[in-house]
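**Student:** Sharing the feature lines straight out of TrEMBL:
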| type | residues | note |
| --- | --- | --- |
| REGION | 1-46 | region 'Disordered' |
| COMPBIAS | 22-34 | compositional bias 'Low complexity' |
| REPEAT | 88-121 | repeat 'TPR' |
| REPEAT | 189-222 | repeat 'TPR' |
| REPEAT | 223-256 | repeat 'TPR' |
| REPEAT | 291-324 | repeat 'TPR' |
| REPEAT | 325-358 | repeat 'TPR' |
| REPEAT | 359-392 | repeat 'TPR' |
| REGION | 451-494 | region 'Disordered' |
| COMPBIAS | 452-484 | compositional bias 'Low complexity' |
Amino acid sequence: MDGKGEAGDPARQQQEEEEGSDAAASTTASTAGSKPRRRRRAARSKESKLENYDALNWRIHQLYTEQRFDDCDKLIELALQRSQSQCDYALYVRGMILKAQGQLKEAQTAFQEVLRLRPTNHHAALQIARCLYLSGKFRAALDVFDQAAEIGVSSWRVHHDKSMCHVRLKQYDQAEQLLGRALAIYNNALSLQQLARVRILTSDLPGAAKAYEEALKISPEDTEIMTSLGLLYLRMGQPSRAFELFGTCLTYDPRDTRAILAAASIIQDNEDYDVALVKYRISAVLTPESAELWNNIGMCFFGKQKYVAAIACLKRAAYLAPFEWMVAFNLGLVHLTVGQHASAYHFFSASVKLRPKFAPAYGLLGVTLHNLKDPESADTAFKRAIQLDPSDPITHINYAVMLFEHGDIKGAAQQFSVYETIADNMEGFKEEHGDCVHTARLLQTKLKTNNTSTASAAKSSTTPAATAASSSAQVPPVSAVPAANGDSSQEMLL
């Protein structure tokens, strides 16, 4: 029994060794199979950490587009804490918020931090250039725009934004060339509008109208383009086309105050003051602090011969815009009409100081000084008006009356002759200015009879009804005329 047991031990040991090797092999296989799983888990955990840096970007974007800047800024701070200031999108949105709040220097610092984290972020480079533009550093902005172009920003946009800087530097030829390049790359309404503004600054009104027409083809429902084009046609002496555009604009947006104001001014030109006042009443609800609105309302009352109401409205316009030359001119006109010559002198003097090259203001200043018994100063004012605009017949006839009343018959006859020549060659002048024609007939009678008593002629001439007709019928207000002003330029950039 003992021998069998001992003889069986080697077989049993071999079996146990085989079972042990199989178990070891299975253990090794299981161990080998578990290692890749651990690595994959580690890799996934690293990826999840990287994704967490940008996990709040969607919410940051949502808050920014909703303009909830306070909540957005708190979330940006949280995202930067989690990512250890490595989240470039959060920094970019912070820069946009700071720029919208006018903190341009801080915004520029934020965008520079974005470029440090991601040097190929051309959006950040473009925003740095725009911050420099808004800060008035136009030449520095041009340099940064060039750097942004090298990074890879859209070419047409770089050309467009660079043209804005050249406009500010009054380099209009370079601006027009850059806009031409932008339009060659991508024909867009934004660049066409800017091209129209540049051409207006260079007095190329037909070219500006063509640019606006092209922009209107691209964006046929853009009320801003319609209003700007209508105002331009109004400046070009095409009120019917302008009125059509204003009507179309009001069809799309009945609350467009610029279109309402411009359309009402055309109605006012046609002396339909009641209808114009109805339009102005709508605009007064939307923009009660518009100086141009109260100026035009005042001149409507002037046309209706309600002088107290006219002065009240014009005084309100002067309060809202104390340096607006047209308001001062119209106040002088109303005071001269009611015989308050000292007040008229005050406002005409302010008008010529604010707008030194506006000839009618000097002409009416001469009439006022003549009524104030200051012939020497009146003579100087009339000569200055003729120097600025020798083709204005009203100035010549008023100057002739003043010379005749002070005994200069030869000078009066000479000015009357110039008046007749200009009035005969000016189409529609005599039909539109009947009171001026009446004054001329009285003066002609006095010159023929060579009578020195000219009281009646003086009274007719010093009531500037002819001038009032041309001045009170307002062309589009100064602020509503399309121009490349600072505000619109910034809107095109942002």
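Every residue gets a Cβ built from N, Cα and C, even glycine.
Where in this structure would I find these features, and how exposed are they?
**Tutor:** Within the chain, the repeat 'TPR' (88-121) has long-range Cβ neighbours (under 8 A, six or more residues past its boundaries) at 54, 56-57, 60-61, 64, 69, 72-73, 76, 79-80, 127-128, 130-132, 134-135, 151-152.
Per DSSP, the secondary structure of the repeat 'TPR' (189-222) breaks down as 27 helix, 0 strand, 7 coil.
For the repeat 'TPR' (223-256), the number of residues in each DSSP class (helix H, G, I; strand E, B; coil) is 27 helix, 0 strand, 7 coil.
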**Student:** What parts of the chain pack near the repeat 'TPR' (189-222), using Cβ distances under 8 Å and only residues at least 6 beyond its ends?
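**Tutor:** Sequence-remote neighbours of the repeat 'TPR' (189-222) are 156, 159-160, 163-164, 167, 172, 175-176, 179-180, 182-183, 228-229, 232-233, 235-236, 252, 482-484, 488, 492.
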